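Okay, structure first, notes after.
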Amino acid sequence: MEANREKYAADILSIKEAHDRIKPYIHRTPVLTSESLNSISGRSLFFKCECLQKGGAFKFRGACNAVLSLDAEQAAKGVVTHSSGNHAAALSLAAKIQGIPAYIVVPKGAPKCKVDNVIRYGGKVIWSEATMSSREEIASKVLQETGSVLIHPYNDGRIISGQGTIALELLEQIQEIDAIVVPISGGGLISGVALAAKSIKPSIRIIAAEPKGADDAAQSKVAGKIITLPVTNTIADGLRASLGDLTWPVVRDLVDDVVTLEECEIIEAMKMCYEILKVSVEPSGAIGLAAVLSNSFRNNPSCRDCKNIGIVLSGGNVDLGSLWDSFKSSK
């Protein structure tokens, strides 16, 4: 399906432009394979290791593109966002590279390792309550006080274009891929991947992986409109956001299916990433593998014929204490 910028917030041209813009700063992450996981799944799996990206997650691509897209006057005043996780660290790092300030509104209770990354990369942490209304209210106040530019974690064409560069690289690295499995939360990652991949290879299938405790995307696809959940409950802290008005049209039109996973399936997949692939992956990053190994995927007619599957390991920022507790609880 042809994707154009008149219909969506990004397109293959903006994604290619983003790749040219950010290429000097990002890692071209490797694609790993495992005969053991191929045997378990009955398919050929290709793991795009964004857990090895700068900042420990795919988010650096979009944040870097957004920062580098600012003109000199905008950049001088800095950037602001509200985020509990990897976007916060990614934007801090992108701003540091450009030598501009980054104001990061972080909700109380955010994972310590992700807050530590913000501080490590020079972001100015401003605490909020854990509610979205508090995050947005404080971010708005910072905007008024500083004149900085808001960089939304996912509902932004520059962010979507940056994340889409993952698919450009993956399809250059492994041409025979017939499906890509992508974690879904706010939809910035899967929107970029879908727009790029389906422009390059229209027959490719894009499958979203989502926790059952935060299954707003699955519900939205069924309802044909954005469904927002009042409460989410999942170990995958990076997959609790709701779809945005820029990401929803792409998810609605270009994402072929959504596979929802139990917590135990996510934890087991994370263990496999450590024990078999030998890479550090957070729960949100491991959910793509969980999807491919699930009965839901195996029995889904839209997934059954997918033999060469790309899986985006989206991030690797996890508190070691929480990781250990998760592994112990799964025994």
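Including glycine, each Cβ sits where the backbone N, Cα and C put it.
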Notebook entry, point to check: Asn38, Asn86: which one does Swiss-Prot list with Gly186, Gly187, Gly188, Ser314 for the pyridoxal 5'-phosphate site?
Noted result: Asn86
Next item on the list: Please list residues from the chain of Asp216 (Mg(2+) 2 binding site) whose Cβ is under 8 angstroms from its Cβ, counting only those at least six apart in sequence.
Entry: Ile226, Ile227, Thr228, Leu229, Thr232, Ser242, Leu243
Margin query: For a quick check of understanding: given the listed ATP-binding residues Ser34, Lys54, Tyr121, Lys278, Asn317, what is the maximum Cα-Cα distance in angstrom, as an integer?
Written below: 33
Next item on the list: May I ask you to report the DSSP-based helix, strand or coil state of Asn86 (pyridoxal 5'-phosphate binding site)?
Entry: helix
Margin query: Let me make sure I understand the structure: which of the binding-site residues listed (Asp178, Glu210) has the fewest other Cβ atoms within 10 A of its Cβ?
Written below: Asp178
Next item on the list: Tell me whether Thr81 (Ca(2+) 1 binding site) sits in a helix, a strand or coil according to DSSP.
Entry: strand
